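Reviewing the structure listed below.
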Amino acid sequence: MGAIRDQFRWKKLKLQDDNASDFYLSCWQRNRMAMPMLCIRLVLFAGCLGILLSSMLLPERIIYIDYWALYLTQWGLLMNLITTGMATAVSAVAYFKGPIDATFGLPWYIRLFWGCYCISVPVAFHITVFYYSFVMASMDEFEEYDLNPVLDVFTHGVNSIIMFLLLFTSNISVYFVQFLFPFAFMVIYMVFTIIYYYAGGTNPFGDRFIYLALDWGEPITATATVFISAGVVTSLYIVVVLMTVLRNLLSRKLKNDNLYIIS
């Protein structure tokens, strides 16, 4: 019951933990070496960096570079890059300077990493669900959306795979009450779209909306999209919590059976 109560303790929003090693060791390893996770996180960071740069600099994208920051996908890609970068930095500190001490609380950079992690993992999953459920279908109505199919898969699909791998290989705990972090992130984006609309902003093709499903010229449709997105991101955060619980149960079982993914 204590574990269940922990999921709803408001103090978890302070992002404090007694064990800093959870943020640079894998739940799948039996040793205390930071190198394995440092290598894994470097690969994930490189993947996020490659996807983000491709979304900006490929020939069919660079002509619309002024509009790059309009889309939730790009906000998510940037959060993925920041999170995997912070993960790599935390592992690098542990590798080059030794175990991180949390006697007087977690260092600020681990707390920042933890907060970014709580946002980026469910938001990445949300972007995948939202795009393939709502956005992709509406793009068929507009011939000007000439998408690069490979880049499209990487920015809206592989991004979720990378964040799942970060979750799967880590030993970081998440708590249900921390769903307020990704929820706040989504609220900030919603407010941005409203301000952008009423300021007269357009998408790269001159339309008054960023996403057709989030067209504030049709407030009922846009409001419905907001409520659906709020429900989806909350549901996906619950999925992230359950994934974390299952990961921990499986890793403990393997350790009890003397089976290790990382020795």
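The chain as shown is numbered from 1 upward.
Positions of Cβ are set from backbone N, Cα and C atoms, glycine also.
Note that TrEMBL annotation is computational and uncurated.
As given in TrEMBL:
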TRANSMEM  38-57  transmembrane segment
TRANSMEM  77-96  transmembrane segment
TRANSMEM  108-133  transmembrane segment
TRANSMEM  153-172  transmembrane segment
TRANSMEM  179-199  transmembrane segment
TRANSMEM  219-246  transmembrane segment
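Counted over residue pairs separated by six or more positions, the transmembrane segment (38-57) shares fewer than 3 Cβ pairs under 8 angstroms with the transmembrane segment (108-133), which leaves the two as not touching. The highest tally of CB pairs under 8 A with the transmembrane segment (219-246), across 77-96, 108-133, 153-172, 179-199, is held by 108-133. Between the transmembrane segment (108-133) and the listed ranges 77-96, 153-172, 179-199, the one holding the most Cβ pairs under 8 Å is 77-96.
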